[in-house]
Amino acid sequence: MHSIPGRRVVMALFLIFLLLPIYWLVNMSFKTNTEIVSTMTLWPHTPTLQHYKRIFIDESWYSGYIHSLEYVVINTIISISVALPAAYAFSRYRFLGDKHLFFWLLSNRMAPAAVYALPFFNLYSAIGLFDTPWAVALAHCIFNVPLAVWILEGFVSGVPREIDETAFLDGYSFPRFFIKILVPLIASGIGVAAFFCFMFSWVELLLARTLTSVDAKPIAAVMTRTVSAAGMDWGLLSAAGVLTIIPGALVIWFVRNYIARGFALGRV
Amino acid sequence: MDKTVNQKAWFLVLPVFLVVAFSAILPLMTVVNYSMQDTFGNNQFFWNGVGWFKELLDPSTDLGGRFLASLGRNLFFSAVILAIEVPLGIVIALSMPREGWSVAACLVILALPLLIPWNVVGTIWQIFGRPDIGLLGYVLNSIGINYNYVSNDIDAWVTVIVMDVWHWTSLVALLCYAGLKSIPDAYYQAAQIDGASRWAVFKAIQLPKMHRVLLIAVLLRFMDSFMIYTEPFVVTGGGPGNSTTFISIELVKIALGQFDLGKAAALSLVYNLIILIVCWVFYTVMTNAGAERPAKEGVA
């Protein structure tokens, strides 16, 4: 199709709109607090690394990142490993209540976190998991497992049935077929599903904050500490914000060639 | 359909069922339990029957009034952001470069806001919009527009909406882009031979192909905007006054702020029910749309 000059302009304007607030955050994170409050500058005139330094030295700060990554990784592993067999079942078989089950799963993806905050607090306190990464990881399963099933089901359906049948004729047992043949075939789908699980677990705050107090406090909750009697520590808050963007940016960079394909095949 | 009936498939689904049931059914039972009782602290509970539900659905009471007001605000918010994000997302998807390094660059920048933690999204806009230290607030005020999201209702609303557009339009755009990618070149060549206009190509080829992904986009955007909590909470805290207090914010205020467990639980159930109904409508429409088309056509 012939190109329309307006297209580039629209795209460029939108990308600028997306990047401006992020640029401002990065800009703030390199300024001293005096510069932030006293003058309006488009770039840091007295650039400083003090905010970043403080985050990397102070344990209560950097441990927040570790806690967040801990529950995100646990959650991604749990979600993918339980969702794989289920995705296979939904893709290949009919069974009693399959459609209702699928809808029920999907409806949990849509359930507001605010509804579950308090009951989760009670539940995980009762079983002694409160303030551990496991509590947050399990709680995030409520929206990530259905999502993973949904995405993986699309990918499994893309594998021809003949492959299953041939494998079984060749004497493969079900678990062996699953690990040796199916998983490698849908490896990119697993990558896409893991990407989405990582994404939604990483960005969620309400449940993560409610289910932790000290030992597993996520970075998002640590950031609320920048409000003090002396006012907001804007520079520190910005630096912490910039550091939370980096893992996401890295993950996107790795899956950049699969983003569009992942959206299409996973139908999400 | 070529699926075989096999009840043993339940064994494959069982782990998912257990994990989600543990996180969904047990807490929901607690909520149902609370919704029928009243608490005066000290873990003393009193039977209240359907009292909370009656109060909730009666706008003349405090609880009912707050519920209705926040529900109205939430529906208005969802309507506005859908009206902006869906057309804008389509335009962005159509504006994507066709090939070269710029495709990857655009995709990465588009996806960036989606991977920023929601409270950081709030923080970014909180800083960006402040009249004293934020670029947006400063520029608007210096060109003579009196903008302050902390004290002015309309400014707070505009900020929350622009923030959501910033945060989520990319999702709609990426979904539409995925739909567009599945159109074979031959379609465009045929359209060119027929001398079809740009608008005709969009209406006859591109829009039908995006139909399914658009449904998903609308569903996801409606649901997520209907349960929005973190971003407006960080930026406006539900204020000024109550002007940006959405249902989730109201709910958390009642449940964790006032510890009014009965009221919060009743509100939770009604809230969940609304979501379930909307979700069911979309699901039915979506599966019907899928059934109408042959499977090989609709990868997206």
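Residue 1 is the first one shown; counting continues down the chain.
Including glycine, each Cβ sits where the backbone N, Cα and C put it.
Note that TrEMBL annotation is computational and uncurated.
Quick look at what TrEMBL annotates:
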DOMAIN    B:71-282  domain 'ABC transmembrane type-1'
TRANSMEM  B:12-34  transmembrane segment
TRANSMEM  B:75-95  transmembrane segment
TRANSMEM  B:101-121  transmembrane segment
TRANSMEM  B:156-180  transmembrane segment
TRANSMEM  B:213-230  transmembrane segment
TRANSMEM  B:265-286  transmembrane segment
Counting only residues 6 or more past its boundaries, what in the same chain has a CB within less than 8 Å of a CB in the transmembrane segment (B:156-180)?
77, 80-81, 84-86, 88-90, 92-94, 96, 107, 110-114, 116, 121-122, 125, 129, 149-150, 206, 209-214, 216-217, 220-221, 224-225, 228, 231-232, 235-236, 239-240, 243-244, 300
Can at least 3 Cβ pairs under 8 A be found between the transmembrane segment (B:265-286) and the transmembrane segment (B:75-95), with each pair 6 or more apart in sequence?
no
By a Cβ-Cβ criterion of under 8 Å, what residues six or more beyond either terminus of the transmembrane segment (B:101-121) are in contact with it?
92, 163, 166-168, 170-171, 173-174, 230-231, 234
